[in-house]
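Pulled from Swiss-Prot, these are the features on record:
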DOMAIN    11-133  domain 'RNase III'
BINDING   GLU46, ASP119, GLU122  Mg(2+) binding site
ACT_SITE  ASP50  active site
ACT_SITE  GLU122  active site
DOMAIN    160-230  domain 'DRBM'
Amino acid sequence: MKDDVLKRQAHTAIQKKLGYAFRDMSLLRRALTHRSHHAKHNERFEFVGDSILNYTVARMLFDAFPKLTEGELSRLRASLVNEGVLAEMAAEMNVGDGLYLGAGELKSGGFRRPSILADAMEAMFAAVSFDADFNTAEKVVRHLFAERVRRADFQNQAKDGKTALQEALQARRFALPKYRIEEQIGHANDSMFVISCDLGELGFVCRAKGTSRKAAEQEAAKEALKWLEEKLPLKKKKK
């Protein structure tokens, strides 16, 4: 009973942060339900929410940076639409307080896990579109990302590890790296991935861990890039 009251309070606070009040609260509850808690979880909602998020931020950047190329816009969007940013946003909104998690996930601190928080954010964008329409969901995303887009600075924006490594290899005329899952530790809801990054003819292979495959690949790419730049630095062009 007490838990129900606390959940309702959390959901009220989350709606205020979203800037949207649900007519059908079951949609919000579904968006906040992890697969460890119930068969009717939020993963299908994530699929829709991810598309809404990517389109909206892409359009915001398109309008805000008219001189950037397609590749530059893509990299800037990747710096804004990722697990880290979404998890940070969810933490600011105290989304973890409103999550429905299975006993094991709850015990292991799932309400703080970045991947779970990020997924819940995407699922909520979908829930808004189902409760209202696409335009309303777009307004919610714009409301949440307005300040981040305003502060976005392409010139000082670090590229993600995989993109930076790819461009560094291409600049040196080497083949693209190959990533492979070497190990998956833990259960489905609490996995740790070990990924290898193989630079092929350069004879360098490194490994990195992450709570998701994407995160581990990024870490492995950063390690490989560090090695590449130390071993084969590019000569600076004379002015």
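Including glycine, each Cβ sits where the backbone N, Cα and C put it.
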Three-class DSSP secondary structure - ASP119 (Mg(2+) binding site): helix
Mg(2+) site, defined by GLU46, ASP119, GLU122: further same-chain residues with Cβ within 8 Å of the Cβ centre: ASN42, GLU43, PHE45, PHE47, GLY49, ASP50, ALA118, ALA120, MET121, ALA123, ALA126
Stretch-averaged pLDDT - the domain 'RNase III' (11-133): 93
Helix-strand-coil residue split for the domain 'RNase III' (11-133), DSSP-based: 88 helix, 2 strand, 33 coil
Composition by DSSP (helix, strand, coil) of residues within the domain 'DRBM' (160-230): 35 helix, 21 strand, 15 coil
